[in-house]
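Trainee: Please read through the structure below; I'll follow up with questions.
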Amino acid sequence: MNQLCVERNLSISTAYIKSKPKKYIERIKKKKSSNKSIKSQHKFEGSKIANKNNELKDIKSKDPKHYENHINKNTKHKDILLKSKRSDNFKFSRRGFILSFTGNLEDFYNLSEEPLGKGTYGCVYKATDKLLKIQRAVKVVSKKKLKNIPRFRQEIDIMKNLDHPNVIKLLETFEDEEQIYLIMDLCTGGELFDKIIKKGSFVEMYASFIMKQIFSVLNYLHIRNICHRDIKPENFLFYDKSTESLIKIIDFGLAAYFNDIDYEMKTKAGTPYYVAPQVLTGCYDYKCDLWSAGVLFYIILCGYPPFYGESDHEILSMVKKGKYNFKGKEWNNISEEAKDLIKRCLTIDSGKRINASEALKHPWFKKKKGSFNLDVKMDIHVLENFKNYALLLKLQKLAMTIIAQQSNDYDLQQLKTVFLYLDEDGKGNITKNQLKKGLENSGLKLPQNFDVLLDQIDSDGSGRIDYTEFLAAALDRKHLSKKLIYCAFRVFDVDNDGEITTAELAHILYNGNKKGSITQKDVNQVKKMIQEVDKNNDGKIDFYEFCEMMKLKY
């Protein structure tokens, strides 16, 4: 693993979050008592903001009109504070928060007896965190069955780099002597394949809802020089059972990086019905994913594949010829625009084949406006959350990012919809101009020092606002449950002894995200971050202090 592997101590975790033995309760009471007599030398701007938000909620419930006036009244004060952030160039990457551990997985998770499904390298099980009772999905891979360990490591590396609403989230990994475990977000809505079987085919409106997500995620992957190489309905899961559930792409076991020069890949990979002709020759590029998407598109409109046969050999023979038609009665009511988009995906010559970005701009999507094209508005509370986030302490920002990463999509449904609406070009992140346009279209007045605000939201300094960055900044504090607070604390507390040290925080912040070794300047910055919230001045942060920092009662 790229990240440091450590042993996790279950007994300490249980003491903090579940059973709380007497000695730990006494320890916490002692800390609370001592904290009262300590005059903190550090002001918590984030804490002030949290208290101010509680006042605003009361005002909003009693007098909505007065609420907006009250918001505007506080804007000048926050704008002044934002000016002081102009010189703050603190940047970090969420990749460092996806840790790898050694030890017995079943000390931390209860696994279901029956697998949810099978992937390229192993089975996926439903799992429940023993302490937090949060449900996850766990991919279990036997080391003995791994024929190509470097390729599997690449799958993990690829997943750590991805941050998109339509990509399954990797949360952490475990490893013991026999197996490797990938802990991921749990999808409960079933496979796209199963829905196709159940419905037979989709109407064009719903098909546009599905295909826009598929082309968007392919555009996101291809921009990052990643080719999935196994696009098929079995590799898309519905997040939940709702009618407008988003889909998530899974199983990056066959995914590969390609270079910017010739784009060529040579390993034969894929599934017969969906594989592109060039893959069969052993010389192809990233547009093999577009061919597969075209096949999938064809299937969801009519219920059967464009290339079929009694055996894999017959199917592949049909694929090589690339001949298909729209002659069945199922196609009588399908628009010419839909057929044209399929043709552009199923073009034999990959050089002339449409790419994902071009597909998203196809007239069919403009004609069949699906759920992504709804007139989404951001309310003033989202803008206030942006301002509040920009004024947080560094460690608070790190914690909010982890909380956004660990939260399930049920809690973030509205924000997720807003993000997808703002992502007009389907790149999986939004530009500062797109966010500005979204705020203006929602009738919200842009604050002074808006560029400073955007720079604070762009936590990795990429110039664009990624999905988790947006969620962390827009997330309402009402989602800060003790479970989510502990999820963040557990990431920082690498050895699980109940305290966050300078070494642990430096490891999380810089390991895997920094070229070269950690400098003294880096260490000093981490020490300062700890000092800002270390109320008893012992040089460490315990869970009580962490909760105080996030303004959640322990």
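Cβ atoms here come from the backbone N, Cα and C positions, even for glycine.
In case it helps, Swiss-Prot gives these features for our protein:
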- Asp230: active site, proton acceptor (ACT_SITE)
- Asp458, Asp460, Ser462, Arg464, Glu469: Ca(2+) 1 binding site (BINDING)
- 110-365: domain 'Protein kinase' (DOMAIN)
- 410-445: domain 'EF-hand 1' (DOMAIN)
- 448-479: domain 'EF-hand 2' (DOMAIN)
- 480-515: domain 'EF-hand 3' (DOMAIN)
- 521-554: domain 'EF-hand 4' (DOMAIN)
- 394-403: motif 'J domain EF-hand interaction motif' (MOTIF)
Trainee: When the domain 'EF-hand 2' (448-479) is classified with DSSP, how many of its residues are helical, how many are strand and how many are coil?
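Mentor: Secondary-structure composition of the domain 'EF-hand 2' (448-479): 19 helix, 3 strand, 10 coil.
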Trainee: Do any residues, 6 or more residues outside the domain 'EF-hand 1' (410-445), come within under 8 Å Cβ-to-Cβ of it, and if so which ones?
Mentor: 72, 163-165, 212, 215-217, 219-220, 223, 240, 246, 356-357, 360, 372, 374, 376-380, 382-383, 404, 451, 454, 457-458, 462-467, 470-471, 474-475, 479
Trainee: Is it the case that the domain 'Protein kinase' (110-365) and the domain 'EF-hand 4' (521-554) touch, counting contact as three or more CB pairs under 8 Å in which the residues of each pair are 6 or more positions apart?
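Mentor: Result for the domain 'Protein kinase' (110-365) with the domain 'EF-hand 4' (521-554) is no.
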Trainee: According to DSSP, does the residue listed as 'active site, proton acceptor' fall in a helix, a strand, or coil?
Mentor: coil
Trainee: Do any residues at least six apart in sequence from Ser462 (Ca(2+) 1 binding site), in the same chain, have a Cβ closer than 8 Å to its Cβ, and if so which, in order?
Mentor: Asn429
Trainee: Take the mean position of the Cβ atoms of Asp458, Asp460, Ser462, Arg464, Glu469, the recorded Ca(2+) 1 site. Which other residues of that chain put their Cβ within 8 Å of it?
Mentor: Asn429, Ile457, Ser459, Gly461, Gly463, Ile465, Asp466
Trainee: Reported as an integer number of Å, what is the Cα distance between Asp230 (active site, proton acceptor) and Glu469 (Ca(2+) 1 binding site)?
Mentor: 29
